[in-house]
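Enquirer: The structure follows.
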Amino acid sequence: MKVSVVTRSGRELFKGGLELSDSATVADLQEEIHKRSKKFYPSRQRLTLPIQPGSKEKAVVLTSKKSLKDYYSGNSDSLTVVFKDLGPQVEYRTLFFFEYIGPLLIYPIFYYFPVYQYLGFKGDRVIHPVQTYALYYYCFHYFKRILETFFIHRFSHATSPISYVSRNCAYYWSFAVLMSYYVNHPLYTPVSDLQMKIGFGFGIICQIANFYCHILLRNLRSPDGSGGYQIPSGFLFNIVTCANYTTEIYQWLGFNIATQTVAGYLFAAVAASIMSNWALGKHRRLKKIFDGKDGRPKYPRRWVILPPFL
Ligand SMILES: NC(=O)c1ccc[n+]([C@@H]2O[C@H](COP(=O)([O-])OP(=O)(O)OC[C@H]3O[C@@H](n4cnc5c(N)ncnc54)[C@H](OP(=O)(O)O)[C@@H]3O)[C@@H](O)[C@H]2O)c1
């Protein structure tokens, strides 16, 4: 079978098209493109079916496991696909690792090293118990996220654009500097013992709940990451679509109740707004997939992320 690969402007990428066996899959086509053009490894390629000029419909994205025959229309024995270069890619796990390793290494610097002396602070620095517990809590959180990245999550996408590494690291690393700087500052005033215990106690419960949510999400997919999107259920997922984000936000609230800094609350607010945005997208996607039509189940009524607001 013949496959013509064109760019979005309609230019043929390989003159005369590509010849593939009748049983070829989309993955085979991607390999063939890679063979011809070494730069375009499969995860860098986005293949879609052409759409009529001026059409408002979204282009159909080719799924690598599917057979090319599934995308043929009519009796035609040649197929045209539109190629888009997604740019250099990085493994999802690598992206997450760099995001999380920064805070894990940066936060302890302000606790252990005489940074404030270098910054001109004169006088002794007394370390309060809450600052020590905050260090353990914070580092435990990011250590847990690294472990979850490698041993729990079953991602559907193998890679993400390499440009996300600098953007996401800038976000996580700069907030790590800001939060650690203020929580460990020699002039830091601790909250009451009771408030500290309530904050950390509540935060730890939320971190454990967050871990359990990730186990439930993991069980929705098979080990190779296949299985698509399912209706999450059990525990807090029976009430909220993105219970993992809910517990993430609340565990930062716990940290902030215990440590009480503007920088910490600012980070929690930014993280909550990012996660709310993503949660809305995930909620809409699940409602679209599970629309109750043609034998598909209907997505149950649930909060998106933060009952009783959203
Ligand atoms: N502090 C912050 O700013 C911040 C921001 C974001 C996340 N986080 C934390 O990092 C964790 C991971 O983030 P994330 O955005 O990668 O989480 P996520 O997308 O909600 O889910 C984690 C894993 O579960 C899968 N999954 C989600 N919903 C599913 C469904 N309905 N059916 C099947 N599989 C499903 C995801 O698959 P896909 O690979 O297909 O997505 C992903 O592999 C969060 O839960 C949160 O604790 C923190």
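In case you wondered, yes, glycine gets a Cβ from its N, Cα and C as well.
So TrEMBL has the following annotated:
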DOMAIN    1-88  domain 'Ubiquitin-like'
TRANSMEM  94-114  transmembrane segment
TRANSMEM  126-143  transmembrane segment
TRANSMEM  164-183  transmembrane segment
TRANSMEM  198-217  transmembrane segment
TRANSMEM  229-250  transmembrane segment
TRANSMEM  262-280  transmembrane segment
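For each listed feature, how buried is it and what is near it?
Expert: Among residues of the same chain six or more beyond the transmembrane segment (94-114), those with a C-beta under 8 A of the stretch's C-beta atoms are 125, 127, 131-132, 135, 138-139, 142-143, 145-146, 149-150, 160, 164-165, 168-169, 172-173, 175-177, 179-181, 183-184.
Distant neighbours of the transmembrane segment (164-183): 90, 94-95, 98-100, 102-103, 106-111, 115, 131, 134, 138, 259, 261-264, 266-267, 270; these residues of the same chain sit at least 6 beyond its ends, with a Cβ under 8 Å from one of its Cβ atoms.
Sequence-distant contacts of the transmembrane segment (198-217) (same chain, at least 6 residues past either end, Cβ-Cβ under 8 Å): 133, 137, 140-141, 144, 148, 152-154, 191, 232-237, 243-244, 247-248, 250-259.
Through the fold, the transmembrane segment (229-250) approaches residues 156, 202-203, 206-207, 209-210, 212-214, 216-217, 220-221, 268, 271-272, 275-276, 278-279, 282-283, 285-286, 289-290, 297, 299-300, 302-307 of its own chain, all at least 6 residues removed from its boundaries and within a Cβ separation under 8 Å.
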Enquirer: Could you pull out which residues elsewhere in the chain have a CB under 8 Å from any CB of the transmembrane segment (262-280), counting only those six or more residues past its ends?
Expert: 171, 175, 178-179, 181-183, 241-242, 245, 248-249, 252-253, 255-256, 304-306, 310
Enquirer: As a quick check of your reading of DSSP, tell me how many residues in the domain 'Ubiquitin-like' (1-88) are helical, how many are strand and how many are coil.
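Expert: Split by secondary structure, the domain 'Ubiquitin-like' (1-88) comes out as 18 helix, 23 strand, 47 coil.
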